């Protein structure tokens, strides 16, 4: 068996040299084997074994070292488990000892002891720790061990002499030894212990399983010996009865095996005693539980010993769960439920254990009351008991508290009832006449003090004291008074009539009168008023112009006026109080008083009965004498009927005449072409609408349904404004409003209305005039005015742009010229690159200015070969920034093989710009998808057309208005936001160029405008002769005069031309130029158009007067070709010109052309002179 040892002398590291020889000598002298090895995966691999190992373990060092697990292979198979356990113990504790048998010869084993330790240089956490070991022989120790048989006999004798039963069994539970006490207890006379072969057979079936489980658990316990826990089981007594026993289990080693020792003790007497105690305890618990109040016993340490459910219920625990708790613990548990203790509110009150114990001590002399938040009330009392403990009794006093509260409330309610009762009350001693109590109402009635401060005699309240005796006598005789009228006197001396109500009762041996008085003053006044009212009512009824009759609940006549009698002359003789209504009416019907009753009296009478019950309804009938009457029946509170009858003969005549008049008016209204309607002013209910109104608005009124004019107003506020003006003026004309038709459409109408009174109500009679066409015309005129305004703005913009362009073109010309000169003259590549960038930027600015000028230019179309790619680029130069800032992606896809078109470039620029701006506006409301403008151009070989498409991802155009987008002045925008002429002008321009334009659109996806123009294959027409002439003049050197009011521009032109060898002079004004021309001759005169004082046209006129020959050498440079005057001048003089900003090539080409023309003209003149001479 492996044994862990706390320390070991073998904690050495492997030495070398002399130390190694010393170690070998020690091992040889002590007859021990020293070794060292590495422990890997539970196997010890030796790397050192001391000499002489073959004498101790049968193998030499050479045979053991280097072989895997060589030592374990020599150990007896039964001992290898102990050896492996020892190796594991070394890792846990650092050292271990194990005894095992080793094969010293074949088949011969000898006992050895192996002392192991962890090498000093190796830690427990090392992956392959080093183990040092020392093996010694223990043969002599094993030889001196006692004889197992002798030990067994000795053990059996000891067991047999034990006073209590002991049984020794093997691992499987088979009985090996059993003492006499066990045999006497479990086996009857003549019965052998062999009748029970296993220990478990000694127990009943229920205890047997518990016993076997304990034995199994005990055998699994590590160590040489182990003791199990004590069990209480039921065994079988020799007489067959169940025997409670206490069983103690333990394990001992018997040689190479382990045995189980079972000791048993008879505990039947103890169990019986415990059962008796338990029974008594249960009786006590039952008795306590039967107590209706809460009951608990606490010991001297203030710990609960016993309580019943009535006590534990407020803690939400069972009585058993509360055992061991203290009173303070219980208080803390119930604290969240407490509302108050002895009237003190718990919330915010801190109760310490000392304060709580003082409450406990107080409850010995006076109960403690507390209320739970649930509303329940509890009362706790406590009494000390013998031994220092306490008994607590808790009583539920909720009902008692509720009764107390109810009684208090009842007293308060009774007092409140009496004191707040408006009926005056007195308590009077009948024998003495002394008033014992009077209520506040009684004090107020008589003007006495309240509460009663001093008793007084009741006689003082009577106007005549003798009346008090009369009232008392009647009360004593009848036992009650009910409304006896008596005259009373108030404290201030005034008297009043009152009705006395009184009863007798006995209280404290006295006869008490409880009485009250009702003040009859108001009642008597009302009776007087009632008589007067009845007389007044009778006079009023007689004064009525209508017939009046009152019938009671039995339909008998109570009263009627004279007018009613006059209306019933034929039956007036029976019209007396008490006559039934049916008899009175039947008499009149039988005497021919009513139309329609002849020959069918009973049937007619039944119809009248039904009409009689239609209360509140005005009904009409005609009598035989031709008169018409209107009658109304109204019920009375007593179940009777009031009948009023009015003579309406005159009204009937007027109604007949009115109907005839209304029919005439209706005929006129029905035939009127003007829509007319009458509505109620209060709510707009339509009373009447003419056919013309129905034709304009549709059928507004439907059978059986009320229709209101407010439903026609598109904006309900218009009707309110309309009503306000109408009520102020009573008449309204020309009120324009947008109304809704019955079909949902809208119409603008002009209303003329009057406010009248009809049948007691305000009515509006109104006519409506359809303003749709007029407003459409006005809208169209507004659009024309807007278009004219836009045209005027464009004209003004043209003039403005002319000035702006002139101001911009001068500095741009300087920038462009210098950039190009720098690029030509510089030799540094970086300077050339920078000059190129400056030139490109300036060139872009030039294109933008020219694009603005092209859009604003107003002149007759001048067609030439135009590349649409240039047009698109010029447009995007102007609109690109606006598109990009609107988050619109621009895609340009133009086929480089697209041929040019024969067109006016300015007009084409206008078309593309209109389409681009239109697309941008269509995409401004798009939020949920990308905004994208795509411009494409391709060549349609079949039609020989250039097709330009401008597509957007905007809102799209509804199908119903797609066909109208090219109409002049048609737009869906508000006035001021669009003129409706952009697409119309584009359409006109495209058609004028023999082209086509169309739109394809889908709402929600966008629109595509397609422009198709005939392709042009014509080259730019430039006479070849000119080219030759100009080319021939490129090498000529000329004198040139530059005239420009901008010095930088003049100097720029001078620098450009000087690079070609020309002699160049400048003049800053037209006046100086004339002076210089008088002094010198110039081959080329290059002048600005716009200059202060003497401008280009004026200079030209001056030259024309002074020397017309100079005009042929003159050319112009202009930054203002937009103004009409400049265009007209250049067109008139037919002189070459270039526009600012210009390039070097343009300037040089212009000079070369002038010099070429001059040379050509000179050649022609020379040729003509030669021909003339020859002739």
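Each Cβ is built from the backbone N, Cα and C atoms, and glycine gets one as well.
Over in TrEMBL, the protein carries these features:
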DOMAIN    48-94  domain 'PAS'
DOMAIN    151-222  domain 'PAS'
DOMAIN    410-448  domain 'PAS'
DOMAIN    733-783  domain 'PAC'
DOMAIN    803-1017  domain 'Histidine kinase'
DOMAIN    1039-1155  domain 'Response regulatory'
MOD_RES   1088  4-aspartylphosphate
Between the domain 'Histidine kinase' (803-1017) and the stretches 48-94, 410-448, 733-783, 1039-1155, the largest tally of CB pairs under 8 Å belongs to 1039-1155
Other C-beta atoms within 10 angstroms of the C-beta of residue 1088 (4-aspartylphosphate) total 26
DSSP composition of the domain 'Response regulatory' (1039-1155), residue counts helix/strand/coil, works out to 61 helix, 23 strand, 33 coil
Helix, strand and coil residue totals from DSSP for the domain 'PAS' (410-448) stand at 18 helix, 10 strand, 11 coil
DSSP puts the residues of the domain 'PAC' (733-783) at 12 helix, 31 strand, 8 coil
Secondary structure split (DSSP) over the domain 'PAS' (48-94) reads 31 helix, 3 strand, 13 coil
The mean pLDDT across the domain 'Response regulatory' (1039-1155) is 89
